[in-house]
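Q: Handing you a structure now.
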Amino acid sequence: MAAEGKAIAKVNDLVIFVPYVVPGDVVDLQIKRKKNKYAEAEAVKFHELSPVRAVPFCQHYGVCGGCKWQVLPYSEQIRYKQKQVEDNLRRIGKIELPEISPILGSAKTEFYRNKLEFTFSNKRWLTNDEVRQDVKYDQMNAVGFHIPGAFDKVLAIEKCWLQDDISNRIRNAVRDYAYEHDYSFINLRTQEGMLRNLIIRTSSTGELMVIVICKITEDHEMELFKQLLQFIADSFPEITSLLYIINNKCNDTINDLDVHVFKGKDHMFEEMEGLRFKVGPKSFYQTNSEQAYNLYKIAREFAGLTGKELVYDLYTGTGTIANFVSRQARQVIGIEYVPEAIEDAKVNAEINEIKNALFYAGDMKDMLTQEFINQHGRPDVIITDPPRAGMHQDVVDVILFAEPKRIVYVSCNPATQARDLQLLDGKYKVKAVQPVDMFPHTHHVENVVLLELR
C-alpha cells in the first residue's frame, strides 16, 4: 500500500496507484491520469478478490471518500501503517534508528471521532446506481459530506460510522424537518439558500454540542431558522450546547464569525487524569479522545520529567500537551501561531489551577529565536507537534542552538518528520519510536519519536 492509502500495481516498470483495492486483488484497470514516472487508475472489473480483503461495513463506502481502508482488516491496516512509518524514517531520514515499537492501535475502530461537520447542498450527488436507474429525483437537497473533486456536490449520508449514533439521529432529524418544511439548502456555487453546515461535537464527559450554520438575508428567514433550532432542542434534550452561526460570506470559514447560544452553554469539557479542558465551538481538540490520551501519555513518558525541567511545547495548539505535562515539570512554555488557541490554552491552565505554564502566540519561526531562549531559559526538554509540513528550517536551527537534553517529536506526517530528524541528526540520536493509530480505516498515522543529545 502507498502512503496515500492506494494500492500499487506495476506494468512494464510503470507504477500505478489504485484506490479501493488491496494487495492480492486481480483487477482490470482504467488509467485516469498518467505522469512521467507513475499513473493513477481505477479498478473497473474484479477477477479475483484478495484473501485479506474485508467486507466494507458502510453503505457509503467508495463514494464519500472517507474510511478508504474498510476493505482491509484492522490488523492489516495497522501493519501497513507500521511499515509506512518504518519506510519513511529509513528511506527519507537515512539515520540510525532503534527498534521501532509496535504500533499502538485504537481500541475503538468505529464511532471513535468526537467531531463531525456535515454540509447542506441543493445539489445532491447521485451514485452510479442511481444514475443507471434513469429516474428523475424530486428531492435533490442533501446533508452529508463533500464529494472529492466536486466541491458543490454533497453525498447524502444516512449513517456514518465515525461518531456516536446520536450524531446520525440528529443529522437525519434535521434533514427530515428541513424537507418537510421546505427549507432551502445552500447552492455552493451561487451561495443562495439558508442551511449551510451542521457540526456535532461529543465529549468524554457525556456533553453534546450542536452548531447549526445558516445564511440569513431576510427577516422572515430568521424566524424560520429559530423554529428549526427549537425543533432540535425539543427533539434532543440531551444536547448541552445548541449554538448557531450566521454566515453570509461566500466561504464556510467561521473563525471570524460570532457564535450565538440558543440553548445551554457555549462550551463543553474534555477530561484527562482529572484535568478539564474547555472545548468551544471553534476550539481544536484531537478528534479521537481516547487515543489522544494514549498519545499524550507516550509523549509525557518520552519526556522523562522529574519535576525539575523547563519544557518548551512547540505548536502547542490549545495547550493540551503543555497542561497535561505541567504537573511533572518545573515550568512549561507553549508557543502557537493561532491567537485564539493560545487564549484557550490560558483558560485551560486557569481552570485547572496550573501556575507553571506560560503561553505565547506568534509564528513559530518568529517567536522561537535565540533571543527568546536567552530571555526565558534554555529548555531541558522540547516537545514539538508541528503541522503536516513539519518544522521550518529556522525552528530546527534554534532547537539545535538551545540543545535541550531531550526532544519529543509528535508528528501526523512521518515523511516530514523523517526529514526533520535528519536535520537534527548531527546533535541528536533517536532513542525510541512509537507509532500511534488515531484514525482507523484511513491511511493516516501519528508517530512519536524520542531524541537525546549525543
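Cβ coordinates come from backbone N, Cα and C, glycine included.
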Q: Starting from the S-adenosyl-L-methionine binding annotation in Swiss-Prot that includes Gln286, Tyr315, Asp385, which of Glu336, Glu340, Glu403 is the extra site residue?
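A: The one candidate that Swiss-Prot places in that S-adenosyl-L-methionine site: Glu336.
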Q: What are the non-local neighbours of Cys64 ([4Fe-4S] cluster binding site), defined as same-chain residues 6+ apart in sequence with CB under 8 A from its CB?
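A: Within the chain, Cys64 ([4Fe-4S] cluster binding site) has Cβ neighbours under 8 Å at Gly144, Phe145, Ile147, Leu155, Ile157.
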Q: How many whole Å apart are the CA atoms of Cys160 ([4Fe-4S] cluster binding site) and Cys412 (active site, nucleophile)?
A: 24
Q: Neighbourhood of the [4Fe-4S] cluster site (Cys58, Cys64, Cys67, Cys160): other residues with Cβ within 8 Å of the Cβ centroid, in order?
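A: For the [4Fe-4S] cluster site, the extra neighbours are His60, Tyr61, Gly66, Gln70, Phe145, Ile157, Trp161, Leu162.
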Q: Taking DSSP as the reference, which of helix, strand or coil describes Glu336 (S-adenosyl-L-methionine binding site)?
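A: It is in a strand.
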Q: About how far apart, in whole Å, are the alpha carbons (Cα) of Glu336 (S-adenosyl-L-methionine binding site) and Cys58 ([4Fe-4S] cluster binding site)?
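A: The separation of the Cα atoms works out to 37 Å.
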Q: Among the binding-site residues listed here (Glu336, Asp385), identify the one with the smallest other-Cβ count within 10 Å.
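A: Among the binding-site residues Glu336, Asp385, the sparsest Cβ neighbourhood within 10 Å belongs to Asp385.
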